[in-house]
Amino acid sequence: MMMESVSGGNSLPSGSDGVKRKISYFYDPEVGNYYYGQGHPMKPHRIRMTHALLAHYGLLQHMQVVKPTAAKDRDLCKFHADDYVAFLRGITPETQQDQIRQLKRFNVGEDCPVFDGLYSFCQTYAGGSVGGALKLNHGICDIAINWSGGLHHAKKCEASGFCYVNDIVLAILELLKIHERVLYVDIDIHHGDGVEEAFYTTDRVMTVSFHKFGDYFPGTGDVRDIGYGKGKYYSLNVPLDDGIDDESYHSLFKPLMGKVMEVFRPGAVVLQCGADSLSGDRLGCFNLSIKGHAECVKYMRSFNVPLLLLGGGGYTIRNVARCWCYETGVALGIELDDKMPQHEYYEYFGPDYALHVAPSNMENKNSRPLLDDIRAKLLENLSRLQHAPSVPFQERPPNTELQERDEDEEDDRDERWDRDFDMDVDSNSLARRVKSEYAEAEHKDVESYHNHLDSRRDIATPFKEIACSKVTGSGVDSMAVDGPFIKEEQENLIDDHKSR
């Protein structure tokens with residue numbers, strides 16, 4: 001049901017779309033069993049459906065399939081507040097009525113419900129993303145995939161938008177141990193606010209988000225939000241309107257990402273492939289085809305930089321499975337037959353039983369002048385970055401070993417990475433930005449920034465030990481980087497190194 005990559009359709013600048021890559025694919029068979037609750041649009045079952053398609057298209061045999069090792073408490077606390085992690089670990093549907101105050105404090109209960117196995121779910125998807133980062137760091141693969149990850153809204157000390165633990169931030173922190181610069185790209189329909197907030201004040205991580213903007217969750221991601229302090233111009237926001245189609249999307253994505261790669265020169269790229277930007281999504285309002293969405297994966301793959309592919313949103317689950325299956329093929333350099341193979345979820349895909357679905361005829365509210373203006377503004381911002389920042393490595397943290405630690409090993413917090421490692425950040429806690437004015441003068445920038453503070457939440461920067469505004473007590477050493485995530489069999493490691 002597959003054929004080798006062929007030319008035609010959307011082309012790549014480098015013509016490298018047919019070149020094979022070594023892929024590590026993270027999947028836990030239990031992930032599809034987690035259930036947010038009746039009527040909730042987030043359905044982890046979509047990951048199982050995706051896996052079934054991969055199996056029946058014959059893609060699994062072309063990848064190293066890895067069951068992620070669950071992230072431990074100390075691993076999650078490299079970014080998240082200790083008491084928030086403790087809360088997630090302890091809360092259950094049976095006990096939640098006794099913790100109303102805590103539920104409100106950590107924003108758990110409505111969009112982010114308590115369900116059976118919640119903490120195990122978080123440990124699994126976070127373990128997959130950081131495991132993928134480790135594989136890339138060790139040079140074991142060219143591309144790592146974790147479709148259960150990409151939960152980009154979670155904050156340092158609260159859940160948000162169906163997301164509890166921010167696996168993306170944790171994965172980027174792991175990549176920063178090896179790479180001076182890491183690029184984060186987000187093609188989910190919702191703004192990647194949690195990741196942007198985490199790295200808003202550093203020039204070592206550039207965040208780029210393409211999203212619906214204007215009376216739409218989470219409400220952030222204005223084109224004028226560009227970063228702060230050392231991170232100024234290292235946040236790019238591409239605000240879009242309803243009905244954007246493939247051509248319009250690529251008219252922004254390709255020139256902008258081409259320039260980002262030229263100027264920023266990242267050592268690794270993390271691409272969040274939220275599928276709610278597809279046409280016909282239950283919660284979305286864009287009009288991208290699966291091939292149009294996947295063209296973003298093709299384009300980022302063409303730069304031959306270590307690449308971590310993650311999932312994210314996506315609420316018409318048959319289309320989510322279609323999309324991530326096709327994008328796995330793109331990562332491998334394998335073209336898939338449009339006729340879907342018979343498999344256990346075949347009936348979900350009727351009446352056409354095809355891999356691709358046609359976009360709708362909805363109106364594209366993104367006019368050409370509007371798109372041209374957005375592109376010009378962002379290219380101007382990028383032109384202010386004369387060259388990639390030079391980041392000397394001082395006291396580089398030790399590389400995380402691939403072998404899993406003894407479960408009984410004590411959590412020695414004294415071994416954690418120095419939180420001030422090679423980072424210059426503002427000494428004050430920065431509150432959550434709703435909108436920041438675009439001003440030329442630096443002092444104007446700071447003034448306008450503070451005029452738009454939301455005092456309820458601190459910027460969740462992982463580079464500074466800060467207290468969450470809703471959390472009493474001391475801050476969290478969020479740069480801790482001990483603790484392995486991947487459980488590897490000895491022969492797999494030997495085989496990997498032999499093949500390199």
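A Cβ is built for glycine as well, from the same backbone N, Cα and C atoms used for every other residue.
Remember, TrEMBL labels are computer predictions, not curated facts.
According to TrEMBL, the protein has these features:
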- 40-328: domain 'Histone deacetylase' (DOMAIN)
- Asp111, Gly161, Tyr315: substrate binding site (BINDING)
- His153: active site, proton acceptor (ACT_SITE)
- Asp188, His190, Asp276: divalent metal cation binding site (BINDING)
- 387-420: region 'Disordered' (REGION)
- 404-413: compositional bias 'Acidic residues' (COMPBIAS)
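Summarising the substrate site geometry, the residues cited as binding it (Asp111, Gly161, Tyr315) extend over a maximum Cα to Cα distance of 14 Å. When the Cα atoms are compared, His153 (active site, proton acceptor) and Gly161 (substrate binding site) turn out to be 6 Å apart. Across the residues of the domain 'Histone deacetylase' (40-328), the predicted structure has a mean pLDDT of 98.
Residue density at Asp111 (substrate binding site): 17 other Cβ atoms are found within 10 A of its Cβ, drawing on all protein chains shown. When the C-alpha distances from Gly161 (substrate binding site) to the binding-site residues Asp188, His190, Asp276 are tabulated, the minimum falls on His190.
Fewest other C-beta atoms within 10 angstroms, among the binding-site residues Asp188, His190, Asp276, are seen around Asp276. Sequence-distant neighbours of Tyr315 (substrate binding site) (same chain, six or more apart, CB under 8 Å from its CB) are Pro41, Met42, Lys43, Asp276, Asp281, Arg282, Leu283, Gly284, listed in sequence order. A separation of roughly 15 Å, to the nearest angstrom, links the Cα atoms of Asp111 (substrate binding site) and His190 (divalent metal cation binding site). The least crowded of the recorded positions His153, Gly161, judged by other CB atoms within 10 A of its own CB, is Gly161.
Residues Ile189, His211, Lys212, Gly274, Ser277, Leu283, Gly284, Gly312, Gly313, Gly314 surround the recorded divalent metal cation site, their Cβ atoms falling within 8 Å of the Cβ centroid of Asp188, His190, Asp276, which are themselves excluded. Using the Cβ center of Asp111, Gly161, Tyr315 for substrate, the list of other same-chain residues with Cβ within 8 Å runs, in sequence order, Pro41, Met42, His153, Phe162, Cys163, Phe217, Leu283, Gly313.
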